[in-house]
Every structure is written in structure tokens, then in C-alpha cells.
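**Q** Pasting the relevant annotations from TrEMBL:
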type	residues	note
TRANSMEM	7-26	transmembrane segment
TRANSMEM	32-54	transmembrane segment
TRANSMEM	61-83	transmembrane segment
TRANSMEM	95-112	transmembrane segment
TRANSMEM	124-147	transmembrane segment
TRANSMEM	159-182	transmembrane segment
TRANSMEM	203-222	transmembrane segment
TRANSMEM	234-258	transmembrane segment
TRANSMEM	270-295	transmembrane segment
Amino acid sequence: MLRWRLIGAAAIIIPVVTLCWLDFSWNFGRPGIWLLPLAVAIAIAASEEVLWLLRAKQLRPAGWACHVGTLLVLGTAGLSIWWPLDASAFSEDPSKWILFALAAGMVVSLISEMRRYEKPGWAIVHVGLTIFTIAYIGGLMSFVIRLRLVHSELPDGNAWGMIALLSMIVATKTSDAGAYFTGRLFGRTKLAPNLSPGKTVEGAIGGLVAAVFGAWVVFAVVAPQLTTSEPPAFWRLCLYAVCVAIAGMIGDLAESLFKRDMESKDSSTWLIGLGGVLDVLDSMLLAAPMALFFWEIGLVGPQ
């Protein structure tokens, strides 16, 4: 099992690192130009997995509405990346435009149920599940895109956006790995036995320590190669890493809740040794908003 996990992880890490390098070095003045298509593809795959989980319980929201709504939100979050004209008005306050996109997704979900309505009993359920899918995948993934664009107004904004994105991913995934291995070696106390019996309190503590180490590597080792600014104070780095890791753990348990409720072990079998796209993405969906919050209030970032 561990061998296949490592193989699956390597199969993901290598292309993602390559795309990050391209997005930093060859972005044609538009940071995110390489990573936005990847984010869209991941979001569509994750949305399809949510639909697959729901269909297992005979819940059938309109798939096309879920995908259209998700694309609207992600396209709006990354508007300054792909829009060929001046997007400075959007960059000043992107959050309101993302809210408009979420509202548009809600309208799409309503129209989809109006078109196929035949008898009472399921319309509100399907509308609710469609909006949930758009918000859960599209809404939360939009924070990942906004991390890549954080401080884009600065001369070295390309570097800071990449550092912000990498710090979230590395802190979250080193936390996942640290929790997994610490739990296997020292785990005794169950963290959430009804949702994820394999997770332990000891593993979670190990995950937090690993997250701090991962964040330190990004800020103290990688960041100086990309920008001349000083890394954040160690206490800020620790607070950032711990909060991002905790948010990631909640995201992981949230997906476990959904899978338990749908009586499914994995979101799909698309990724060898890892399950589905959502099984890899789950922790980052809640870690990204937490990370962006810290960057926006200035606790980490340019000093």
C-alpha cells in the first residue's frame, strides 16, 4: 500500500513541480497562465467525483450545472490571468466578482431543475446539492487561484504569488505525510473514530510539526531564491503553518464525512494508491482560504 502511495505521489508531484516552474519562469507577464488550466481540470474532476458519490445514493443533481457553475467561479477568480484586456478594475476587489459568479451558478442550478422538473419531492434537494458542489469545489478552489495572484501589484508579485501557493501546498501535504507516518508509528488515541478510524491525535500532532518544517523550507530556503525580502519571523511562520495544517485536517475529515455518509471508501479510483482527485485535494480546499487570510492581513509575505 505504501509503495503505491509513493508511486502515485511521485506521478503527481513531478508534473505539478514542472508546471510551477513554467508558471514562474515562462508566464509571459501573466502569473497563473500555466496553473489555471490545471486548477480547472482538477476542479472538474473533483466535481465529477462529488457527483459520483451522490449518484451512489440515487441523488442526481444536474452534472452540467455543477460544471458550468464551477467554471464560472474559477474563470472569475482567474480573470486577470486569461482576460486579454485590462483587468485592473477586477484586481482591485476580485471578491465581489467571485460572489457574482457564485450567484450566477445558483441561477444555473435553478434553471437546470426547472428544465427537468416532472414531479414534486426532489427539486429542492437537487438544487441544494448543485449549489453545494459549486461552492465546495469551485468556491474553495478559487482561493487556490487567488493565492497565486496575491501581491500581484508588487514588482516582485510573481515571486510572492508563487511563494504563497507553495507555502500552502507544502504545509498541507507535509502535514498529511507527517500525520500518516507519525500515526503509524505512535498512534494510539483515535481522533475521529466514526469518520476516519485510522487518524490519531498523535498523528495530528506529528502533522503539525511536519507542517512547520515544510513552511520553514518554503520561507527560509525557497523564498530567498525568488525574492530579496526577509522571511517572516519564526513565530509567524509557526502560527501560519499550524493554522493552515489544522484547516487542512478539517478539510480531510470533511471529505471523510461525505464518503461515510455515501458509504464509499474513496471518491474514485483514478489515482493509483491515492484514491481519487478529491482524496488528494480535500485538505487543500480548506487550507487555501486559511492561507490566503494570513497573506491578506500581512502576517506572512513582504515585510
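Quick reminder: no glycine exception, Cβ is built from N, Cα and C everywhere.
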**Q** Mind checking which residues reach the transmembrane segment (95-112)? Cβ under 8 Å, same chain, six or more beyond either end.
**A** 61-62, 64-66, 68-70, 72-73, 75-77, 79, 127, 130-131, 134-135, 138-139, 142
**Q** With pairs closer than 6 in sequence left out, are the transmembrane segment (270-295) and the transmembrane segment (32-54) joined by 3 or more CB pairs under 8 Å?
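**A** Per Cβ check, the transmembrane segment (32-54) touches the transmembrane segment (270-295).
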**Q** When you look at the transmembrane segment (124-147) alongside the transmembrane segment (270-295), do they share 3+ Cβ pairs under 8 Å, ignoring any pair fewer than 6 residues apart in sequence?
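**A** In this chain the transmembrane segment (270-295) contacts the transmembrane segment (124-147) - 3 or more Cβ pairs sit under 8 Å.
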**Q** What residues in the same chain, six or more past the boundaries of the transmembrane segment (234-258), come closer than 8 Å to it by Cβ-Cβ distance?
**A** 50, 53, 167-168, 171-172, 175-176, 179, 192, 195-196, 199, 204, 207-208, 211-212, 214-216, 219, 267, 278-279, 282-287, 289-291, 294, 299-300
